[in-house]
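*Asks:* I'd like to ask some things about the structure below.
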Amino acid sequence: MSDQPSSPPAGQKSALRVTGSSESRFQVDPVAEGSRSSAGEESKGRLRAVNFLSPSDGAPDAGVNGDTVRSEASLHSSTGGLSHFSDTHSNTYYLRTFGHNTIDAVPNIDFYRQTEAPLGEKLIRPSLAELHEELDKEPFEEGFPSGEDVAATDTLAQKEASDSKGGTVKFGWIKGVLVRCMLNIWGVMLFIRMSWIVGQAGIALSCAIVLIAIVVTSITGLSTSAIATNGFVRGGGAYYLISRSLGPEFGGSIGLIFAFANAVAVAMYVVGFAETVVELLDSIDALMTDEINDIRIVGTLTVILLLGISVAGMEWEAKAQIVLLIILLAAIFNYFVGSFIPMESKMPKGFFGYNAAIMMENMGPDFRDEETFFSVFAIFFPAATGILAGANISGDLTDPQSAIPKGTLLAILITGVVYIAVAISNGSCIVRDATGDDNDTMVGSLENCTDAACTLGYDFSICKEGGCKYGLQNDFQVMSLVSGFGPLITAGIFSATLSSALASLVSAPKVFQALCRDNIYPGLHVFAKGYGKNNEPLRAYVLTFIIGLAFILIAELNIIAPIISNFFLASYALINFSVFHASLANSPGWRPSFKYYNKWVSLSGAVLCCVVMFVINWWAALFTNVIVLALYIYVSYKKPDVNWGSSTQALMYNQALSHCLHLTGVEDHIKNFRPQCLMMSGYPNSRPALVYLVHAFTKNVGLMICGHVRTGYRRPNHKDMMNEQVRYQRWLLKTQIKAFYTPVFAEDLRQGAQFLLQTTGLGRLKPNTLVFGFKNNWRDGEMKDVETYINTIHDAFDLQYGLVLLRLKEGLDISHIQDEFLSTHEKTPGMKDLLVSVNIKDFDSDSSKPSSKTTSCQSSPLIFKDTKSRPAHLSPADQRLLTASQQFKKKQHKGTIDVWWLFDDGGLTLLIPYLLTNKKKWRDCKIRVFIGGKINRIDHDRRAMAALLSKFRIDFSDITVLGDINIKPKKHNKEMFQNMIEPYRLKEDDMEQEDAERLKTQEPWRITDNELELYRAKSNRQIRLNELLQEHSSTANLIVITMPLARKGTVSSALYMAWLDTLSKDLPPILLVRGNHQSVLTFYS
């Protein structure tokens, strides 16, 4: 039964009020069910907040199941503006409204667009939180799930919409790809060099040369098609295809030389055109100055004209290409027509029409002037380097994914057939040598004839001595002779050169603009700017013009030509290798719609391209490889901040996964032991001293994981934790610390540590050593925190971890200094590099300031980059703390690392100092070893330890045997220890037994009298050891000492903490180390 609610006031949205049970009443604003043309409004208004309604909020209108939402169209009919409801359970209703009557969205291509997508507007699908969170929470409080800004997205969408309405010129596959590729491949080679190639190599080898070139270009075309159909292709041609497949290193290096090659190719083609014009001027005795300067003048005027056509816009350039193609086709047709019309006047110059004798004579090679098959191939192959002319303007194509494969492959087929047809035609109707003299006819019998010309009545035997100017071997303009109308061949030559020059003049700026837009080379970003509705790279056009003009003025391009060909071939090789690499990586994202490719064929194509590079010119090939390698190293060093999901990343993942799996099948061996540290650092930048020291002995040796336990009453949302993980992982990379940042959320620190201890790592890449800072302020805080701290140590030993504690007398945690800095400085946009969120509550805190008990993240500075950025109001203690936090970042001065190897823990206490001294920053520090022994055996113990260290191959500067460890400590030090533990004693003798047991249960950290008496000797040993440490190691750069153990369940947390505090107080930086008592050193090979 449907009702007819009154229409809402103007300007007010109607609301559908739905009442089910009292627990599930909620209000949903309608979702606009607009047409596809109003995509922008749909993206902004597709979802509205869902709120509870009270039972008194009006009568029910209709029932809705679950998350069902009425569309506005279902509320308002098209007649009279009256509202009506359909049956929510009828098939008709759901067929008409599915996808609009729920918050959950149906699949839509607009959800998968990038924000800068030129083909349409990006929509944002409902986030998981919007669908999954409780209804009393604001479903949109997290913003976009991908972290995108709404305003920025709207701005981009509006910009794209305006661009699409602005009349941007786009080309189809024929005009955009086929025409350009055909014009580029049909260069001057077709008219002035093909006949000479046939004369040198013969018909058979000429066809072989063409076929080899076709094989190389066809494989490259197939590879280009595969990459072009594996997702949307933007502008940039070969650079875009290679960079998005192999990454910025290969793409950036090849993009620069490819753009340069196209710029210089402009000069090559223009000079070819200018030479032809100057020859014509010379033939009519009309030179302006001399040949070289005339070439420069004509070339300069030509390139200015071509620049004007290009700058006028792609539409004018495309029209010019069509005109040039028509002229070129007419010239080719003109040649074939002329080849069927032999004329008596042309015979003395070697053209006799199609003849079997001529064909058989020209079938084999006749290499002259030290030419070889490879040298002739090197001359021809540059004609095949135009296959990327269409791909280079990929940004100006209507549908690059369809246009590039069809246009490129069809152009290769058509041009290949024409080249083979011209080769066969030339070899079948023109002899190799002719005098051009009408009087050289045969007189008498033809019985002794040995060549085809002789059988046709001409005697060209004099040509064997040299000097003839006609025939395949001698006349580059022989196709003009054969053609029906000679000047049309000259027009064809002009068309071929100008079209190739125009294509290169357009390709170079487009590729260069795409390269600069990606900011691979920061200094070139100025050329990324585009102008007009087609985003024309005018600045890049000017740069290309200057480069082309410079080489035109040189006018001698014989040296640069082979380098340019090699630059193109290097691009082809990398395109082929990209397909092989992507197929080998087996990434799920590699699924091109073009299926006619094979990874091994692509690899063979890459190898072929490399071989052809060296065949054309070995020194040019070496030069090309050096340039590519140098640019690759530069881009790798600069590490541009881009992520294109390249196959390099996919293959790296595959290799890492494969190696991890292989490692699991290999048993651990003592020789391969390395400390793999789980460091409880909190946010890595809040305890830099701890991070830098652990990195010093794990860098390039073992695994380092910065663990962070986040606690609190409210669990942080996943987006915040992921953003923090990305932020701090980037901080580690930026500071060149080879470590992983791993945060977890837990109810308390001990639980979080257990999560990390048990689950961190993968296969053999699992931590075996737990590292954290000493809790300096343990007496100032709550004792339950000390209980948690000590129990974490016990948990690590239970899980067979080694343990390392670092203590600095100044402290480790600098986050409170960052808080003070923020409290006195106003946040400005320029502080983004300086500030980063830091949660200062974690395992270890410092005596300089108690830990914050808040659970919220506090914005704090990163690490102060220089003294100018440090707040001037810091206390002396904080100044010392800040200085101490950076002490392990810099090179250590000459000094010692004192190793107090008191108990054998498997060797970890000795291994860590050895690894430190192998590093450049610690190389000036010598290892001194201190061991316990008997007074009457000091020399014996020293020799025994020296022999052991020698077998371990560990260098040391001194060994000290301490025979007085068990001497009673000084009285005032004992009194200080008693005063330290006094507040934590249970004093059960002064109370009833029942009360004592109850108090011990409530406060298990308390020290019983029995416990204190039982471990009196061990307590005295820690006091005495501290005295000895201050006596022997007060000037050491670092102290590494075996950490005392406390028996779990017997020694209270307060007493154990007092031992650790007493042992390590008032000393230089000290590491308390305890291995898991498994050997980590061996002297066996």
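Cβ coordinates are placed from backbone N, Cα and C, and glycine is handled just like the others.
Here TrEMBL flags 87-148 as domain 'Amino acid permease N-terminal'. What TrEMBL records for 176-678 is domain 'Amino acid permease/ SLC12A'. Look at TrEMBL and you will find 687-1085 tagged as domain 'SLC12A transporter C-terminal'. Residues or ranges marked as region 'Disordered' by TrEMBL: 1-82. What TrEMBL lists as transmembrane segment is 203-233, 254-274, 294-313, 322-341, 373-395, 407-425, 485-508, 540-561, 567-585, 606-635.
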*Asks:* Which sequence positions outside the transmembrane segment (294-313), separated from its termini by at least 6 residues, show Cβ-Cβ distances below 8 Å to it?
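*Replies:* Tertiary neighbours of the transmembrane segment (294-313) are 169, 266-267, 270-271, 273-275, 277-278, 281, 287-288, 320, 498, 501-502, 505-506, 509, 532, 534, 536, 538, 541, 545, 548-549, 552-553, 555.
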*Asks:* Give the nonlocal contacts of the transmembrane segment (606-635) in its own chain as ranges (CB under 8 Å, at least six residues past its ends).
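*Replies:* For the transmembrane segment (606-635), the sequence-distant neighbours (Cβ-Cβ under 8 Å, at least 6 residues beyond its ends) are 215-216, 219-220, 248-250, 252-254, 256-257, 374, 377-378, 381, 520-521, 562-563, 565-567, 569-570, 572-574, 576-577, 580.
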*Asks:* Would you kindly check 203-233, 254-274, 322-341, 567-585 and say which stretch has the most C-beta pairs under 8 angstroms to the transmembrane segment (373-395)?
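*Replies:* Looking at each of 203-233, 254-274, 322-341, 567-585 in turn, the most contacts to the transmembrane segment (373-395) are made by 203-233.
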*Asks:* Using a Cβ cut-off of under 8 Å, list the residues of the same chain at least 6 residues beyond the transmembrane segment (407-425) that approach it.
*Replies:* 173-174, 176-178, 180-182, 185-186, 190, 194, 197-198, 203, 206-207, 210-211, 213-214, 217-218, 221-222, 224-225, 332, 335-336, 339, 354, 383, 387-388, 390-391
*Asks:* Check the transmembrane segment (203-233) against each of 254-274, 485-508, 567-585 and return whichever range has the most CB pairs under 8 Å.
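*Replies:* Counting Cβ pairs under 8 Å, the winner is 567-585.
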*Asks:* By a Cβ-Cβ criterion of under 8 Å, what residues six or more beyond either terminus of the transmembrane segment (254-274) are in contact with it?
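*Replies:* Same-chain contacts beyond the flanks: 187-188, 236-239, 242-243, 294-296, 298-299, 302-303, 306, 392, 493-494, 497-498, 500-501, 504-505, 507-509, 511-512, 514-515, 520-521, 543-544, 547-552, 554-555, 557, 560-561, 564, 567-568, 570-571, 574, 624, 627-628, 631.
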*Asks:* Mind checking which residues reach the transmembrane segment (567-585)? Cβ under 8 Å, same chain, six or more beyond either end.
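*Replies:* For the transmembrane segment (567-585), the list is 216-217, 219-220, 223-224, 226-227, 230, 238, 241-242, 245-246, 250, 254, 257-258, 260-261, 382, 385, 387-388, 597, 599-600, 602-603, 605-606, 609-610, 612-613, 616, 624-625, 628, 647-648, 650-651, 653-654.
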*Asks:* Give, as a single whole number between 0 and 100, the mean pLDDT over the domain 'Amino acid permease/ SLC12A' (176-678).
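*Replies:* Averaged over the domain 'Amino acid permease/ SLC12A' (176-678), per-residue pLDDT gives 84.
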